[in-house]
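A quick write-up on the structure given underneath.
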Amino acid sequence: MVENSLADTERELRPRTAPQIALNEIAQAIGAQSSRDVDGVVASGICLNSRAIQPGDLYAALPGAKRHGADFASQAVAAGAVAILTDHDAAARLENEGSLPAGTPVLVAQDPRYAAGIAAKFLYGTTPDAPAMFGVTGTNGKTTTTYFLRSLLGAMGHKTGLIGTIEIVADEEVIPSVLTTPEATQLHGILARMRESGVTAAAMEVSSHAIEYRRIEGLNFKVAGFTNLTQDHLDLHGTMEDYFATKARLFTPEFASRGVVLIDSEWGERLAQVARDAGLPVVTLSTASAAGAVTADWTVTAVERSGLGHDFTLTHRDGETVRAHTGLPGDFNVANAALALTMIIAADVMPLEKLQQLLDAHDPLSANVPGRMEVVGHAPAAIVDFAHNPDAMVRALEAVRPGTEGRVIVVFGATGERDQAKRPIMGAIAARGADVVIITDDDPHDEDEQTIRTAVLEGTTNEALSMGAAAPEVFEIFPRAQAIKEAVRLATPADTILVAGRGHEVWQEVKGVNLPLDDRVELREALAARHDGGIDHTSVGETAPESPDNGTAE
Ligand SMILES: CC(=O)N[C@H]1[C@@H](OP(=O)(O)OP(=O)(O)OC[C@H]2O[C@@H](n3ccc(=O)[nH]c3=O)[C@H](O)[C@@H]2O)O[C@H](CO)[C@@H](O)[C@@H]1O[C@H](C)C(=O)N[C@@H](C)C(=O)N[C@H](CCC(=O)O)C(=O)O
Ligand SMILES: Nc1ncnc2c1ncn2[C@@H]1O[C@H](COP(=O)(O)OP(=O)(O)OP(=O)(O)O)[C@@H](O)[C@H]1O
């Protein structure tokens, strides 16, 4: 079952017409040595997972954190791989073990992870401008900014592509997404598929995992954009310095032709400098809220609330201006919209006057972004957002406060296994930003749910203790669907419910099992039940959650 689905997924990330490339040409392109004569051997794809191999593939057997891909080389060959690409040690081991069918060619590269990306580039024929690539990195805002970019590119007349957390889109075709940034071998395949569909420009999220695991090898972005850097993924990077250094690798001429850096934070200022030092042309951007001593190339000015979103002006240091609007709630969406717009301006493909006409005519920066400040209901206002790290949590809570006459009720949890340090921090942020805090489960993965909730709860209760009368009410309620129901039950029409952390996600992973769970569906159903009259309007404080499973802590 799993084998099938992985192979099926892999097929969707390839061109419909497979290339036929001589293995010795690939070996030459990556500077690999071959264990035997490969004349006449042809590869039609490349894959780094034995379980996703398509017949005719070159299997890239990579050293991993848990296993070495060479352990699965014979499975890959059994599935149809025509050759193996790996490192010296693994190649020697395979030779000694004699586990491969006689005659299977093994290409040997010093760094097979790097070589796999370059081989994929060669095999699928990736070139820098077909499609023109706009890459976005940063802790938060990547998905939103890429949706804005795609919308802008579409308004400009491009056939567009999108690669990111929610989905991969090649013109009209939508392919489900597994990773935020797919593997290098898949990325080059996706770009080939986009070319088949006539896609001329694409927006792509670049996660820090992708940079660390060399998934962007062989790509060159027309423009790379940076949103921000705040605490997340320290399980992978160890320190913020390392996290920063990883992000900075995207902003070098190897991977980009130009960078647009939001310099609202010190990390942004540093990145602009580091990128320039690396020889990359950099355009800087700052939002009005953080206007300080630094003068950016473009500054966001005249920000005004407009419906749920904002109107704003982008002003160049030379005085040129562009007026824009985003319909998405939250100051941070002004930053995301301004970044997308500045990336288009930096690409230097359209006069500002023409761009202004497109902005006025199409409102491209109001594109719907699934699970990002997605408004699911009114009175009480009910919003689902993907905020799942400290900074995003602060921003999401700040975004809902101004429009809320009553109380802000937040429902959230923390993911299992990943960055554990952020749990109490997010708990404390919720205490400061909400009037009612409901702590529940996110994706526990293999970890004990209670342990995760306790860590979050500790942050909330400790913070609440120091807040005196301003302390929020705090509940621990699970499972998540029940927590959402309780939030709706507790809310008055003047309140806002923010369900944070899972956004567009439709599965909750509990100990290897994917349980169907969509916050938007749960919230809509709970609101519908309430509007049907099935709701108890008992005021907060007079009631405790009903489920016998649920604890309450204040
Ligand atoms: C932590 C992380 O990113 N790990 C990546 C890393 O895995 P690893 O080094 O542990 O690999 P391993 O399990 O030891 O296996 C070694 C090799 O054997 C291969 N293998 C393994 C088993 C098998 O049966 N057959 C087989 O061929 C694997 O494909 C791999 O190439 O290298 C693998 C490919 O070589 C990646 O697939 C894997 O990403 C996994 C799938 C993953 O879940 N990554 C997530 C955390 C991720 O990348 N997330 C970011 C977004 C993060 C965010 O913003 O929240 C993303 O871009 O999606
Ligand atoms: N520019 C921003 N600054 C801070 N927080 C933001 C910003 N943009 C969005 N957010 C918050 O972060 C959440 C995730 O936004 P988005 O999906 O656009 O970012 P992302 O970088 O793609 O996140 P991830 O990599 O975790 O998928 C949003 O739901 C919102 O709460």
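Numbering starts at 1 and runs along the chain as displayed.
Any Cβ shown, glycine's included, is placed from N, Cα and C.
TrEMBL does not curate its annotations; it predicts them automatically.
Under the heading ATP binding site, TrEMBL lists G138, T139, N140, G141, K142, T143, T144. The Cβ of G138 (ATP binding site) lies under 8 Å from the Cβ of G225, F226, T227, N228, L229, K247, L262, each of which sits 6+ residues away along the same chain.
Among the features that TrEMBL reports, domain 'Mur ligase N-terminal catalytic' is placed at 44-120.
Here TrEMBL flags 136-343 as domain 'Mur ligase central'.
Across the domain 'Mur ligase C-terminal' (371-503), the prediction's mean pLDDT works out to 95. According to TrEMBL, the domain 'Mur ligase C-terminal' annotation covers 371-503.
K247 (N6-carboxylysine) counts 24 other C-beta atoms within 10 Å of its own C-beta, drawing on all protein chains shown. According to TrEMBL, the N6-carboxylysine annotation covers K247.
The region 'Disordered' annotation in TrEMBL covers 530-554.
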Helix, strand and coil residues within the domain 'Mur ligase C-terminal' (371-503) as assigned by DSSP: 54 helix, 28 strand, 51 coil
8 Å Cβ shell about G138, T139, N140, G141, K142, T143, T144 centroid, ATP site members excluded: V136, T145, E205, T227, N228, N336
Spatial neighbours of K142 (ATP binding site) that are distant in sequence (at least 6 apart) but have CB under 8 A: V136, G164, T165, T180, E205, V206, S207, T227
Under 8 Å by Cβ from G141 (ATP binding site), counting only residues of that chain that are 6 or more apart: T227, N228, F332, A335, N336, L339
Least buried by Cβ count (within 10 Å) of the binding-site residues T139, N140, T144: T139
The domain 'Mur ligase N-terminal catalytic' (44-120), counted residue by residue under DSSP: helix, strand, coil: 32 helix, 16 strand, 29 coil
For T143 (ATP binding site), the number of other Cβ atoms found within 10 Å of its own Cβ: 25
